[in-house]
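Take a look at the structure set out below.
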Amino acid sequence: MRVVVAMSGGVDSSAAAALLKEQGHEVIGITLRVWSYEGKATCGSCCSPDDIDDARAVAQTLGIPFYVANAEEIFQDRVINPFVQSYLGGRTPIPCVACNRDVKFNFLLKRARALGARLATGHYARVEEVDGRFVLRRAVDAAKDQSYFLFTLGQDELRDILFPVGGMTKAEVRAVAERHGLVTSQKPESMEICFVPDGDYAGFVEKVAGPQPAGDIVDTEGNVLGTHQGIHRYTVGQRKGLNLGGGEIRYVHRLEPETQRVVVGPAEGTGRDNFGLLQPHWVDGPPPASQPVEVRIRHRHSGAQGRVHVSPHGLVSVKLDAPARAVTPGQAAVVYDQDRVLGGGWIV
């Protein structure tokens, strides 16, 4: 079988390529160039010139062909621009989902299919075929599971996608890379968004969109408590960085882009047990309203029990059994049935 491996320059995709080569497949390595480096912020893991060099070195060690594909235009259009606009609109985006949906599993999958190949990545997730339908499941290594970022995949994509490391632990993945003598075997992980490696999201937004208008920080009654330098600097549930002096501890309840106000209050005011989902996507159809499900409202969220209701017009609402703290507009809510990903959408 011919397989294109999306090689990020990290240990996971390196091990994925090695495993497929061991299994006798015809493996082709491709790294996506998603960022121009001159005059822009340094790009982090999976994007930088050093990562491209590491991916090339791994391909040479494994004896597989290697190519670099330019995806800068689609990355700018589908990932960078929506990321910035979300922050300016008072939402907290999660660009990795958009990158997976539009870049890795659209742009790159199309190119793999044009070569008569399937596409493999280093994601920690699993795909199984059950009665002719494809099921997306959590990874075996719960601490590394990345299924949350993959809820936009559907039957058409899953039939041609492989996740070779999804059934392994991180230690086992590193052992595979070590056994093959790959330069990435002990490479550290990056926990930040790849195009904002220093974690300064507000600074990145300002580099792209320029200085943003200041506004008031108010309590839930509308009383002015202080000022801020742009709502893009805040997210729902945030406590640090409000600079309101002493007194009671306050948290961000909501952001109002129309008035440029940041509304704050006590911790209990950040909880929500119901919310809607924009642009819902289901891996193989939505769950019935009577079915109990687990809902993860951010990547590191342990999950909350609840139910999902889909109206005849496709509008989706989530009702949790108990309020969850910091349900944040712009983040993804992903719906699970045990280890099976059912789908999800964007919190409003």
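Backbone N, Cα and C atoms are what each Cβ position is placed from, and that goes for glycine too.
Worth saying up front: this structure is predicted, and the values here are computed from it rather than measured.
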* Write down the one residue from Gly116, Gly122, Gly132, Gly154 that Swiss-Prot lists together with Ala6, Met7, Ser8, Gly9, Gly10, Val11, Asp12, Ser13, Leu32 as binding ATP. => Gly122
* **Secondary structure at Ala6 (ATP binding site), reduced by DSSP to three states** => strand
* Rounded inter-Cα distance in Å - Leu32 (ATP binding site), Cys194 (disulfide bond) -> 13
* Under 8 Å Cβ to Cβ from His123 (site 'Interaction with tRNA'), same chain, six or more residues apart: give me those in sequence order, or none if nothing qualifies. => Asp12, Ala139, Gln146, Phe149, Leu150, Phe163, Val165, Gly166
* Asked: Once the chains shown are all counted, how many other Cβ atoms turn up within 10 Å of the Cβ of Cys99 (disulfide bond)?
  -> 26
* **Protein Cβ atoms within 10 Å of Cys194 (disulfide bond), excluding its own** => 21
